[in-house]
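Peer 1: So that we are looking at the same thing, I have put the structure below in C-alpha cells.
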Amino acid sequence: MALTQVSSNKCCDGYQKVFEHDSSELKCKMKFAIYLPPKAESSKCPVLYWLSGLTCTEQNFITKAGSQQAASEHGIIIVAPDTSPRGCNIEGEDESWDFGTGAGFYVNATQEPWKTNYRMYSYVTEELPRLINSNFPADPEKMSISGHSMGGHGALICALKNPGKYKSVSAFAPICNPIQCAWGQKAFSGYLGPDKSIWESYDATVLAESYSGPELDILIDQGRDDQFLSASQLLPDNLIAACSKKKIPVVFRLQQGYDHSYYFIFSFINDHIKHHAKYLNA
C-alpha cells in the first residue's frame, strides 16, 4: 500500500510525521499522524493507537496533546488516524457535527448510504495496523490503544471486542454507554439501523458485561466540570458498574475543575503514556 508523506517535523529527538494513503476499507484517501521516537531509528518499537473525538482530524492530538516527549522517553510509536472517511460525496455527510464527516464513531456501518465507506472499526483494528507494521519499525506483538470522547469509546470497544490484541487501554472522557445517550443513539441509528443487538456490539458497557478475555487494565480520566458529563452523554458510572461486576480492573480518576478540552488531555497524557509503557515495554 503506497504511502505519501504529507509532513515531517523533528520533535523531542524523534519525528512527527503525517502520511496519506488510499484506504481499501474506507474507499477514500485517508491521513494518519505517526510519531517515531528516536529509538525507532535502531529497533522495533511498540505502538500506541490514539483515536480522536467528534469533529477532529489527525491534527488535533499531535498539535495539542503534548504526547511526543513521553513517547520519546518510553520509546513508543504513536499513531493517530483521522476520525472518519472524507470527501465521499455522500448526501448528508456534512450536515451535522456529530454525524457523518468527523464523526465515524469507530463502527462498521450496515446502512445505506454509509456502509460502503464508514468502516472505521475495521480500518482502525485491521487495515491501519497492517499498514503501520509493514511500513514502520513497529513491533506487531505490542499494541495498545487510547482515545478521547468518541475516540475513548472507540478505544474501549476495540480492546473489549478483541481480547488480547491490545496490551492496555486508556481513555479521556469516553462515551461509555452510547446506546443510552443522545450522541450514540443518533450515530447508531444512522450507521447501524434499528437493530439494537448490533448497537450493543459497539457499546463498551455492554461489552464489559460479557468480557471473558485476558486481564485488561483500564485507565480512565474524566473532568468533573465536563459539560458532556453533566449532559449524560458520557455515562462512566454504567461502565464502572459493568467492569466491577466482571472484576475488570479500572482506575477511574475524576479530575477536579477539568473540562472536555485538550487542556485536560495535555494535563494527564504523560500518565496515560506511562500506563501503556508499563505493558508495552514489559
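The chain as shown is numbered from 1 upward.
Any Cβ shown, glycine's included, is placed from N, Cα and C.
From TrEMBL, here are the annotated features:
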type	residues	note
ACT_SITE	SER149	active site, charge relay system
ACT_SITE	ASP226	active site, charge relay system
ACT_SITE	HIS260	active site, charge relay system
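A description of the local structural setting of each listed feature is requested, covering burial, neighbours and distances.
Peer 2: Counting only same-chain residues six or more apart in sequence, the Cβ atoms lying under 8 angstroms from the Cβ of ASP226 (active site, charge relay system) belong to ALA173, LEU234, TYR258, ASP259, HIS260, PHE264.
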Peer 1: Within 10 Å of the Cβ of HIS260 (active site, charge relay system), how many other Cβ atoms can you find? Include all protein chains, please.
Peer 2: 21
Peer 1: Identify, in sequence order, the residues in the chain of SER149 (active site, charge relay system) that are 6 or more apart from it along the sequence and have a CB within less than 8 Å of its CB; answer 'none' if there are none.
Peer 2: GLY53, LEU54, PHE172, ALA173, PRO174, ILE175, PHE228, LEU234, HIS260
